[in-house]
Amino acid sequence: MSQKQLKEAFISNLNGTTLLEISVGLSLAPLCLLCRGLLLILYYLHHGKPVSSRKHSLLLDFLVLVSPLLFSCTVLSPIIFSIPVILAAFCAALFSKIYSQRRGGSRAPLGQLVQEFQQASLNPGYIPAITVFRVYVNVLTSISVLAVDFPQFPRRFAKAETYGTGVMDLGVGAFLFGNALVCPEVRQEPPVAQPRFSNVAKQFFSIWPLVSLGVARLLSVKSMEYHEHTSEYGVHWNFFFTLALVRLAASLLLAVFPKNKSWMLALALAVLYQLVLNATSLKMFLLHGRGSRVGFLDANREGLLSLFGYLAIYLASVQVGLWLLRPRSSVQGWLRALGGLALATLVLFLLLHVSQEHTDPVSRRMANLSYCLWVLAHCLMLFIFFVLTDLTLVFTKLLVRGSSVPCCWNVVKPPNSSRKQGMEAVPVGREDKLPHFCLISAINKNQLLFFLLANVMTGAVNILVDTIHSKAAFTLCILHLYMFLNCLVMYILHAKNIVLKFW
């Protein structure tokens, strides 16, 4: 077999992993974020100032936010169930140290601390968990697209061939979920009177970079005879085309149907698509074709037909985004919101069980009903983890007055309680004026560039390196260098306040 055929075989005919392992793995990123926040607060407690060195900030962010994920999906994957326990124990130790060493007005009884925490008001115009979710999906995707070509990346984490739940299968749907949370239909304020199809025009203009990247990827892959998994999207199709068409189709539908009922539209689309798969020969065509990939439809049947499932995920995610942006500025309001999110997640998992029992197992290749339910359930679960992380850091910041954590909620006014006996909230705008050099903010400013750079660097590594026969130490060095260079570029652009977006 040629090197190209070996690499294609290496990522083919896989079956994924269990729902439990993926759920456990989803806790890693929030725990890393919590660890970073507690370390910054502890530093402030001891030195009376935030970390001001850009070099130290970048190293801390990379070592705490990125490096543990690299180890978890490679050499530490056999103990993946133990890693969250270790991280949680470390975070608990940091919190205990902060709680015991807090000074001055923060030394209030625990009951009063909790009461003032619940009454604390948060910045209502910014939900950090949305930013963190989108950035971490991008980071995890960037890690996986290169790591999957190395033997240290477990085959169960890679994309499943037909049925199965691989980590990378979830990443595709999570990317759409994150995009929908910040789409024009979600961000547009109700009082603004605009033409019905204004958002369609915005999307039509904003997707041309995705179409261009899709064409560039197609031409480069074919011209260099780069290895590709044909049954993933087809002969000519790729994820850039999927994302572009889904965004445009969703805007068209939401220009006709009420956007606050988009979950109904998503449910109807997913159920109807599943019924057609089961009641007709469409499923057989999608999985097996006509024997040979002749004609555009047959050659790209996976990419074209899976659009219905991905569109359903996107529409349902629009509904989630609209619900998240409802006015709720207090900690207590968000605690109630977490209850609603947890209930929705539980319902989705129950529906997933029913769907897998009575229709089909999860299939990213078809983007069937089970896949839609699975993606939405796990995306909501990850979002809940990030919100819990944020609220934990808010409580810890109230223990150490003046401390701050980038990409975390700010307390915008003092709690309605006695300042003499309790805590004094950070004044409005105080945290925003502190110097923050944050890797998450850096990636968030240029997310598409980050993803593009990761794809280009992945191609370069695969051309220059025999990834299949690489040893563990070499693999870790390559992956860390690859991610660090990518993060460094984003960090430099962020430091210079450069946003490479012209559409």
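Positions of Cβ are set from backbone N, Cα and C atoms, glycine also.
Residues of the same chain lying 6 or more positions beyond the ends of the transmembrane segment (22-45) and with a Cβ under 8 Å from any Cβ of it are 51, 60-61, 64-65, 68-69, 72, 80-81, 83-84, 87-88, 90-91, 94-95, 97-98, 101-103, 132, 136, 139-140, 165, 167, 170, 378, 381-382, 385-386, 388-389, 392-393, 396-397, 400, 402-405, 408. What TrEMBL lists as transmembrane segment is 22-45 (among others).
Annotation comment: TrEMBL describes 83-100 (among others) as transmembrane segment.
Per TrEMBL, transmembrane segment is recorded for 200-219 (among others). Away from its own ends, the transmembrane segment (200-219) comes close to residues 183-184, 236, 238-241, 243-244, 247-248, 250-252, 255, 448, 452, 455, 503 of its chain (Cβ-Cβ under 8 Å, at least six residues beyond either end).
As annotated by TrEMBL, transmembrane segment applies to 239-257 (among others). Listed by sequence, the residues of this chain that lie at least six past the ends of the transmembrane segment (239-257) yet keep a Cβ under 8 A from its Cβ atoms are 172, 175-176, 179-180, 183-185, 196-197, 199-200, 202-204, 206-207, 210-211, 213-214, 217, 233, 265, 303, 306-307, 310-311, 314-315, 318.
What TrEMBL lists as transmembrane segment is 264-287 (among others).
Listed as Cβ neighbours of the transmembrane segment (307-325) (distance under 8 Å, sequence separation of 6 or more from its ends, same chain) are residues 127, 130, 172-173, 176-177, 179-183, 185-187, 242, 245-247, 249-250, 253-254, 259-260, 262-263, 265-267, 269-270, 273, 337, 340, 366-369, 371-372, 375-376, 379-380. Annotation comment: TrEMBL describes 307-325 (among others) as transmembrane segment.
Per TrEMBL, transmembrane segment is recorded for 337-355 (among others).
Annotated transmembrane segment per TrEMBL: 375-395 (among others), in sequence order. Same-chain residues lying 6 or more positions outside the transmembrane segment (375-395) and placing a CB less than 8 Å from one of its CB atoms are 22-23, 26-27, 29-31, 33-34, 37-38, 41, 95, 113, 117, 120, 122, 128-130, 132-133, 136, 170, 173-174, 176-177, 313, 316-317, 320, 331, 334-335, 337-338, 341-342, 344-345, 348-349, 352, 405, 408-409, 411.
Among the features that TrEMBL reports, transmembrane segment is placed at 448-465 (among others). Outside the transmembrane segment (448-465) by six or more residues, the chain places 7, 138, 141-142, 145-146, 149, 209, 213, 217, 220, 224, 226-227, 478, 482, 485-486, 489-490, 493, 500-501 with a CB less than 8 A from a CB of the stretch.
Here the transmembrane segment (471-493) has Cβ contacts under 8 Å with residues 54, 58, 61-62, 66-67, 70-71, 74-75, 139, 142-143, 146-147, 150-152, 437, 439, 442-443, 445-446, 449-450, 453-454, 457-458, 461, 465, 499-500 of the same chain, all six or more residues outside its ends. Feature annotation from TrEMBL assigns transmembrane segment to 471-493 (among others).
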